[in-house]
Amino acid sequence: MLEYILWTALYVLLIVIPLILVVAYYTYAERKVIGYMQDRIGPNRVGSFGLLQPIFDALKLFLKEIIVPTNSNRYLFFIAPILAFAPAYAAWAVIPFSKGVVLSDMNLGLLYILAMTSFSVYGIVIAGWASNSKYSLFGALRAGAQVVSYELAMGFAIVGVVIAAGSMGITGIIESQAGGLWHWYFIPLFPLFVVYFIAGIAETNRAPFDVVEGESEIIAGHHIEYTGSRFALFFLAEYANMILISILTSIMFLGGWCSPFEATPLEAVFNFVPGVVWLFAKTGIFMFMFLWVRATFPRYRYDQIMRLGWKIFIPLTFVWVVVVACMVRFGVGPWW
C-alpha cells in the first residue's frame, strides 16, 4: 500500500512540476508574442533574451508579503486560491500524452475533466466574497454567471464528441480518430469544434471575455486583494486551464497523438515521429491562438458575453448534438 502511494505521488510530481514550468514559460511566450504583435520587444533583460524572466517573476511573487484585508474571512481568504489551483492541476491526471502514457486511464475521463474545470469557479467566487471588497465581489459574481453560461455550451460540445466516438474515455476518443486527417472530428463536428474552443477562452476568463477582471471597470476583479504566493496560485491555475483547454481541443477534434499522415503515402516518412510530438504540436497551435486572440480583440461588454453564450452557443451546440445523434443512429456520415 505504501509503495503504491509513493509511486502515485511520484507520477503526480512528474506531471505537476513540468506543467508549472510550462506555465512559467508560457507567460514568457505570451509577453514576447504580444510584444511582437504590438511592435514592442518584450522581456529581454533578465538572462539571454529574457529567458530567466519567469524564474525571477516567480521568486518575486513568492517572496512578497501576504496581506490579509481588514474584516475579511481569513479562513476562506486563504482556502480560495487552493480551490482554484488544485482542480486545475488534478484534471491532468486523466490526460494521455501518448498511448499508455497516462496517470489514470478512466472510462469517464471527459466527465471527470468537466467536473474538475467546474470546481475552479468555487475558488473564484469564495475569493471574491471573502476579500471584503466590492470589486472582488463583482468579479466573483461575473465569474459565476460566465462559467455557468459557457459550461453548458462546452458540455454540449463534449456530448457531440462522445456520441461520435462512442466512448467517454479520452484514449477511446483518440483511437476512434485513427486513420489520418480525414478521420478527425474537426471536420464533421466543425461547429462544436469552434464553439468549444471559444467557450474555453470564456471559461478561463481570457480576453476578450475577461470582464471578471476588467481593469477599466473592477481593476483586478476577484484577486485584487491577493498578494504574493496566494496571487501566484490564481495565476498558475489560469494558465494551466488555458493549456488544458488547448490539449483537450487537440484530443477531441484533432486526433490527439495520431499522425495526420496515417493511411497516406507519407505515413512511412513520418512514422519515426512519436505520438507525443504530434499532440504537443497541435496543442501549441491552440496555445498560440489564446495569445493571438488576446492581442487582437477588444473586450466584450458583459451583456454581449451573456447573449453570445445563451442565445447563440447553447442553441447551436444543442441542435448540432441532435444532428450528430441522428447521423450516428441511422448510419449516416463519416462514422460508418
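Every residue number used here counts from 1 along the chain in the order it is shown.
Yeah, the Cβs are placed from backbone N, Cα and C, and that goes for glycine too.
As annotated by Swiss-Prot, transmembrane segment applies to 4-24 (among others), with the evidence given as sequence analysis.
Beyond the ends of the transmembrane segment (75-95), by six or more residues, the same chain brings 12, 15-16, 19, 68-69, 102-106, 109, 112-113, 116-117, 119-120, 122-124, 126-127, 129-131, 170, 225-226, 230-231, 233-234, 236-238, 240-241, 244, 247-248, 251 to within a C-beta distance below 8 angstroms of the stretch. Per Swiss-Prot, transmembrane segment is recorded for 75-95 (among others), and the stated evidence type is sequence analysis.
For the transmembrane segment (108-128), the list of distant contacts is 76-77, 79-85, 87-88, 90-91, 93-94, 136-141, 143-144, 147, 151, 154-155, 158, 161-162, 168-171, 173, 203, 212, 221-223, 226, 234, 237, 241, 244, 248: same-chain residues at least six beyond its ends, Cβ to Cβ under 8 Å. If you look up Swiss-Prot, you'll see 108-128 (among others) marked as transmembrane segment.
Under the heading transmembrane segment, Swiss-Prot lists 154-174 (among others).
Positions annotated as transmembrane segment by Swiss-Prot, on the basis of sequence analysis: 181-201 (among others). Sequence-distant contacts of the transmembrane segment (181-201) (same chain, six or more residues past either end, CB-CB distance under 8 Å): 150-151, 153-154, 156-158, 160-161, 164-165, 208-209, 245, 248-249, 252-255, 258, 260-262, 286, 289-290, 293, 309, 313, 316-317, 320-321, 324, 333-335.
According to Swiss-Prot, the feature transmembrane segment maps to 233-253 (among others). Here the transmembrane segment (233-253) has Cβ contacts under 8 Å with residues 19-20, 22-23, 26-27, 61, 81-82, 84-85, 88-89, 91-92, 95-96, 113, 117, 120, 123, 127, 158, 161, 170, 173-174, 184-186, 189, 192-193, 196-197, 200-201, 203-206, 222-223, 226, 279, 282-287, 289-290 of the same chain, all six or more residues outside its ends.
The transmembrane segment annotation in Swiss-Prot covers 272-292 (among others), and the record cites sequence analysis as its basis.
The transmembrane segment feature in Swiss-Prot is assigned to 308-328 (among others).
When Cβ-Cβ distances under 8 Å to the transmembrane segment (308-328) are tallied for each of 4-24, 154-174, 272-292, the top count falls to 154-174.
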